[in-house]
Amino acid sequence: MFDNLSVNQRAAVLSVVMLVVGLLIWEAAIPAQKAAAELTEYERLTGGGAPKAGVPPPSQVIAKAWEQLSNPFYDAGPNDKGIGIQIGYSIYRVLTGYIMAALIAIPLGFLIGMSQVAYKAFNPFIQVLRPISPLAWMPLALFIIQDSEASAIFVIFICSIWPMLLNTAFGVANVRQDWVNVARTHELGYLKTAFTVILPAAAPTIVTGMRISIGIAWLVIVAAEMLVGGTGIGYYVWNEWNNLDLTSVIFSILMIGVVGMILDLAFGALQRAVAYVE
Amino acid sequence: MSKPFLSIENLTQIYPDGQGGDLTVFENANFGIEKGEFVVILGHSGCGKSTIMNILAGLAEPTSGVVKMDGFEVSGPSLDRGVVFQNYSLLPWLSSLKNVSFGVAARYKDWSKQKVLEHSKKFLAMVGLEGDVIHRKPSQLSGGMRQRVSIARAFANEPKLLLLDEPFGALDALTRGTIQDELLKIWGGTEQTVFMITHDIDEAILLADRILLMTNGPYAQVAESVEITIPRPRSRTEIVEHPNYYAIRNHLVQFLGQRSKELAGKREGETPKAPETIRIDKTGSEEDPVPSAPLRAVNT
């Protein structure tokens, strides 16, 4: 019956089947709470009739998602904001830190890639700083910057700078000598060579670095916001955990995944735009 | 005798040999190229042909010696010396037309965009690329078409000297033939001075006014300058009928097969001299028929 479907259509059918089966198993695996009338006297005495916190079934999560997504931007005080507002805060922090990192990493990576001396001089610092977990900077950032909001942005900045810096330097350093020779025999100046030959030649490598960076930044923002609190999707997850509202926790986990996927798709599109075939 | 348009004087290239010593690739290369001349250099791998090419292009510096063009010493790359590289060196993110026009725009900075495009299209048409093809990226073209774009780019810039570094080395024999014809056609329409490297003897005879022969490296030298005494316009099918063709070919084969080895090596105390000029012309002597049959077997 699937013979006349394309590969993509068959995969889509299979995906839907897996989703439905998974949700059904999940739904069935959650033990239903007994109604008060069915409880023994002993159970009632020990509090068995009180609503029990458990992993919610998917039906509740879907209901929650519907409720939240139908009004994502409400603001009812510091502890009750819509999911749209929380995600908005997170994206704002990620993009601010990320753009600052790009503004420094790409030009600096360009210079490092153009000069072997600079490459070798910067390399030890990069190699030591790069493996540091971005959250390890948090106490220092909080102490120096003295502002939790700015500290979260700084943590994003510091975690997204390395892949972009290294990829830019690598891409620029490995531009084919033939293309550089073409620029030289056409007497292109330094800037003209940088923009018309080296930048397009290294662009796929640079954008790959940017894509890795945005992925890491989105991973880190959740943890950073759990620490600094106040607003953001990371704070929201932790706050709902404190409220023991697991339905919201699961819903927000899904939202983190969806936003991360959209960010990655955007950079994937950018990557295709600058790609070339040799 | 007045100085030629391009003169290469006492050019020597020494590289470190990797074991603390020096390796002299070639020394005291002396030769000249006249304006409008098509000169081909032939020699075995390792004799430094490509190094000479890179020095002429300004992409490399010789250990000693000078290159003078129009009386001025050459230093660094310049738009006056166009290069066609063996691997085409087209920018893969640009269309064929853009690959040509960016060079034209760099050459003629005051031209309007329209004029640059028209000029580029004219030269692409001269190598047989017209219509939709010129908007394709190099990756969508065959090797032969890519090299045509590269040749168009070089000719469109109308450099004083055009350097061709084994331009057909990566092409199959049939494509090579067609593009040689294209090259002859486009060259015939201009007064372009060309210096070319090749490994292909027949290609050299077809294209060149003069062939420079190099001895084997190290200590390679430009030993002979062979005049190609076959009138132009030439075509691949007609030149083989010319009485001089196999005489010249035979001389070249003999040189590359044997004498390039015998003449190789260091020679102390010799003053640098220009290569010996060889002129083979059988057109006058009816008694000396061209021994074509045995020579057809000679293969390089």
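From the backbone N, Cα and C atoms, a Cβ is placed for every residue, glycine too.
With a threshold of 8 Å between CB atoms, the same-chain residues lying at least 6 positions outside the transmembrane segment (A:12-30) that come near it are 2, 5, 54-59. Positions annotated as transmembrane segment by TrEMBL: A:12-30 (among others).
Summarising the annotation, TrEMBL assigns domain 'ABC transmembrane type-1' to A:87-267.
Outside the transmembrane segment (A:95-119), and at least 6 residues removed from its termini, the chain residues within Cβ reach (under 8 Å) are 152-158, 160-162, 164-173, 194, 198, 202, 206, 209-210, 213-214, 217. Annotated transmembrane segment per TrEMBL: A:95-119 (among others), in sequence order.
If you look up TrEMBL, you'll see A:125-145 (among others) marked as transmembrane segment.
The annotation transmembrane segment is assigned in TrEMBL to A:152-170 (among others).
According to TrEMBL, the transmembrane segment annotation covers A:190-209 (among others). Listed as Cβ neighbours of the transmembrane segment (A:190-209) (distance under 8 Å, sequence separation of 6 or more from its ends, same chain) are residues 105-106, 109-110, 113-114, 163-168, 170-172, 174-176, 179-180, 182-184, 267, 270-271, 274-276.
Taken from TrEMBL, the feature transmembrane segment covers A:216-238 (among others). Counting residues 6+ beyond its ends, the transmembrane segment (A:216-238) has Cβ neighbours under 8 Å at 78, 81, 83, 85-87, 89-90, 93-94, 97-98, 134-135, 138, 142, 148-149, 151-152, 155-156, 159-160, 163, 248-249, 252-253, 255-256, 259-260, 263 in the same chain.
If you look up TrEMBL, you'll see A:250-270 (among others) marked as transmembrane segment.
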Mind checking which residues of the chain, 6+ beyond the ends of the transmembrane segment (A:125-145), have their Cβ under 8 Å from one of its Cβ atoms?
151, 154-156, 158-159, 162, 165-166, 216, 220, 223-224, 227-228
